[in-house]
Every structure is written in C-alpha cells, then in structure tokens.
Amino acid sequence: MLSGVCGRLASALRGTRAPPSAVALRYEASTNELINEELGIAYPIIDGIPNMVPEAVRMTHQNKKQEEVEQH
Amino acid sequence: MMCQAECRHYLQFSFQLPDVYQVFESVAKKYDVMNDMMSLGIHRVWKDLLLWKMRPFPGTQLLDVAGGTGDIAFRFLNYVQAQHQRKQKKQLRAQQNLSWEEIARKYQNEEDSLGGSRVMVCDINKEMLKIGKQKAHAQGYKAGLAWILGDAEELPFDDDKFDVYTIAFGIRNVTHIDQALQEAHRVLKPGGRFLCLEFSQVNNPLVSRLYDVYSFQVIPVLGEVIAGDWKSYQYLVESIRQFPSQEEFKEMIEDAGFQKVTYENLTSGIVAIHSGFKL
C-alpha cells in the first residue's frame, strides 16, 4: 500500500525539481527515496511524505564517483 | 517602508521568541480545534472566501504553501469536483441520444472526477503535514493531492509550474517573506495568480479595541486550557501584530514582480486577502 501511495506521489511529483534546473524525479522503492539520476540527487520519503527541504538532499553514489573522478 | 519590513524581526516580543518550527510542532494536533475556538469558527468563512475569490476551474494546478493541515487543499478539491460534476451533468443532458458505440467508448475512458485538477500541499513542518494526511484519509480525499515537506523560501519545484499559489495564515511565519514571494513568482506559470490570506491591520477603532482585548486576554488563556500551551498562542497573537499592513504587504508583493496587486479586507481588516498576477 505504501508503494502504491509513493508511486502515485512520484507521478504527481513529476514536475518537481531539486536544485536549479528542470528535473524529473523517480521513486526508488529499495531506499524509499525520490531520485534524479541525471543530477545524482535523492530526497528521502518519511512517513509517506517526501522531504524536499534543501538540506535533505543526498548525493547518490554515481554523483560521488563523478566528483572523485573530477578531483583527480 | 522596506526597512520597516526588514526590521520586523528585531521588533520586541514580550518574551523570548520561541522557535517557530517548535511552535507549530506543538500546536499541530490541536491546530484545527484552536482555529475554531480562537476565531469562533470564522476562519472557515475566510477560507471559503479565498476559494470563492480563486474560482478554480477543473484542470487548475494549485500549490498551497504552508497549508499543512489541508484546509485550503480540501476546499479546492471540493470546489473543482463540484464544478466537474456540474459540467458532466450538462454534458449528459446534451447526450441523451448516443449511439451504442459512443456509450461503449464512454465506459472505456478513465474518469477523472477532478478534470485534471491537482493540488500540492507544501509545508516546512512534518507534524502539520501528518495531520493533513490523516485528515485527507479520514475524509476520503485521495486523487489529485500530494504532500511535500519543503521550504517556502526555496521551493522544490520547477519554474512556471502552477496556475495558482496560495498561502493561508502562513506567510507571517516565514523568516524571509521577500524570498517566499520571489519563489511564489518563480513557480507560477505566466498568467498565474498569487493569493495570500493573512491577518492584517484592523481599520475600525472600536473593532480594534475589542480585537486587542480578545487577542491578548482571551487567546493565550484558551491556548493554555485547550492545548496546554500558552506561549505558542502568545507568539501567535504577537506575530499577527508585527505583520506589515495591507499597503506595506501589497508593496512587498509588487516588489517580487507581481502585477495587478490588490487586497480585500475581511472582518474589518482582521484578515485580508492579497492577490497578484504573474504576467
């Protein structure tokens, strides 16, 4: 039931963004987050409510790897 | 004028300013009850009037900011659903002689009882949103409704996304009102409307006197008796007094880029609805 709610959430939130540019968010059931792979960010979902305050953004692994590559 | 608005936060409160987040965390469960008690139920009329002013049509995309417990969102859904039903009734009357194929086709089309209308409720306080979600579940609101924890000063939405932005009794609790207004402008579509329902300054000296007595003598006591929380309601009453006047707030809205900014006083100016358009 929760995944149904979040699935609907994800489609309802298709227009939401994280940082500056226009992005679409995908619901990731395994981590219960809304993820944008393009930007490598994820927002947690707590009690069925996505936490999208700026501080809540998490960098996904792909992004971290990219950053490490860039640093070299 | 701007200095006055900026200096607002340095104006005196009668005691150590509580953390706004904590205020709403503690009042969330009793929020609706207290609204009824404090305004003698009149807040319901104010919110109804906000919807009347909005006149949303089916298909409207609404962003309700600081709308934690869902009062505006539910009214919006009721309104667009009633409109959609009226439209369908009219259609039915005009379609009394359909062919069998047309009737069969109607069964295949998925019926959206809201005509594409959607409301996102964005609030910075998790407790308020939880109460809102519970209410939605209890009252049967499901379709076209989404709940998001977000910051009015930095909204997690694309530019040009919404037809209407509402903030009812929320903007006076935002730390940087000008940023919230700029964000409102950003996320609205061109042609979109900003609507703010908020406490304002009373324009009648007699009403003002009664209002002061009621605010400072009765409300904090009610807060203590009903919610066991005198301080939060003292904060509430004082934050109302600190909020800019109708004209000052109108200028702030204009500064954010809105046009055709107007306001309407309700109940002798105890409350005002400000409206502006992104053109």
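Using N, Cα and C of the backbone, Cβ positions are placed for all residues, glycine too.
Annotated features in TrEMBL:
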type: BINDING; residues: B:Thr69, B:Asp123, B:Asp151, B:Ala152; note: S-adenosyl-L-methionine binding site
Which one is it: of the binding-site residues B:Asp123, B:Asp151, which Cβ has the fewest other Cβ atoms within 10 Å in this structure?
B:Asp151
Return the binding-site residues from the list B:Thr69, B:Asp123, B:Ala152 for which some CB of chain A is under 8 Å from the residue's own CB; sequence order; 'none' if the set is empty.
none
Looking at S-adenosyl-L-methionine and its recorded binding residues B:Thr69, B:Asp123, B:Asp151, B:Ala152, figure out the farthest C-alpha pair and report it in angstrom, whole number.
16
According to DSSP, which kind of secondary structure is B:Thr69 (S-adenosyl-L-methionine binding site) found in, if we only use helix, strand and coil?
coil
Would you count the other CB atoms within 10 A of the CB of B:Thr69 (S-adenosyl-L-methionine binding site), including those on all shown protein chains?
25
